[in-house]
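Novice: Sending over a structure as structure tokens; questions will come in a sec.
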């Protein structure tokens, strides 16, 4: 099936996926705690490389994610990682704040060549049942110290919290020369413009392109401020999404248990190879050639996360 995935778009373009959750149990064949098929991450990665991915940054959202993440990235020069604590998991700091922070530092120092950003960190007011505002704010700001200490950009999360999120970043701006990217952006144009004015990039994936309002905002974001991502296994572009009418590349899928075989794409599970669809939607709403945008977005991403390599 991998042979079917080589599309014209991926043959002439290369991508960097800035956010893929490759430690998710779905890539071990586990859905809602139930095993449905064999682990297939090697197949997922092979499809990625065949489909034009040049590099993938694996998202770490908690200290416990670090060990499996670095096991995945250690033997592949195309794989990298973030290190940080997701806002909904910031309660993990509370029992021993300094110890948790020191453990994050240790992970960065032990894997310095593989860590390209601090995160996923930020604020999420849509899911306060997992962690209250005060705790999120305290340990979001604490993690900015990691970016300053290790001179790394931020991989940021913001849900229904723009004012507090922006205020924390602004009062720490002098210690954050590398800035970062706000991933899965689905906010207003005004919010995007404010973040860009402060030096931050905007990460776009399928969840950024669900509604006509989303498309209107994304169409107006400057190309030099956009980075592409999938947020795999989440944020696929579904037929019900406004952006789906611009999708050209198709990926045949099977149901996760009934028809799975090695090499199958799973219905409802996003993969990094599907980044081409995000590009297609952006090309459609902006009325620009996909190749031109792919080159710009690649350069934006390389400049932030891989500056030693430039934008080659």
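Placed from the backbone N, Cα and C atoms, the Cβ positions cover glycine too.
Any TrEMBL annotation is an automated prediction that lacks curation.
The following feature annotations were taken from TrEMBL:
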BINDING   120, 231  divalent metal cation 1 binding site
BINDING   157, 183  divalent metal cation 2 binding site
Novice: Rounded to the nearest angstrom, how far is the Cα of residue 231 (divalent metal cation 1 binding site) from the Cα of residue 183 (divalent metal cation 2 binding site)?
Specialist: 9
Novice: Looking only at C-alpha atoms, tell me how far residue 231 (divalent metal cation 1 binding site) is from residue 157 (divalent metal cation 2 binding site), rounded to the nearest Å.
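Specialist: So the Cα of residue 157 (divalent metal cation 2 binding site) lies 12 Å away from that of residue 231 (divalent metal cation 1 binding site).
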Novice: Tell me which residues of the chain lie with their Cβ under 8 angstroms from that of residue 120 (divalent metal cation 1 binding site), as long as they are six or more apart in sequence?
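Specialist: In sequence order, the residues whose Cβ lies under 8 Å from that of residue 120 (divalent metal cation 1 binding site) (at least 6 apart) are 19, 59, 60, 61, 82, 84, 85, 86, 155, 156, 157, 183.
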Novice: For the binding-site residues listed here (157, 183), which one has the lowest count of neighbouring CB atoms within 10 Å of its own CB?
Specialist: 157
Novice: Within 10 Å of the Cβ of residue 231 (divalent metal cation 1 binding site), how many other Cβ atoms can you find? Include all protein chains, please.
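Specialist: Its Cβ shell of radius 10 Å holds 24 other Cβ atoms.
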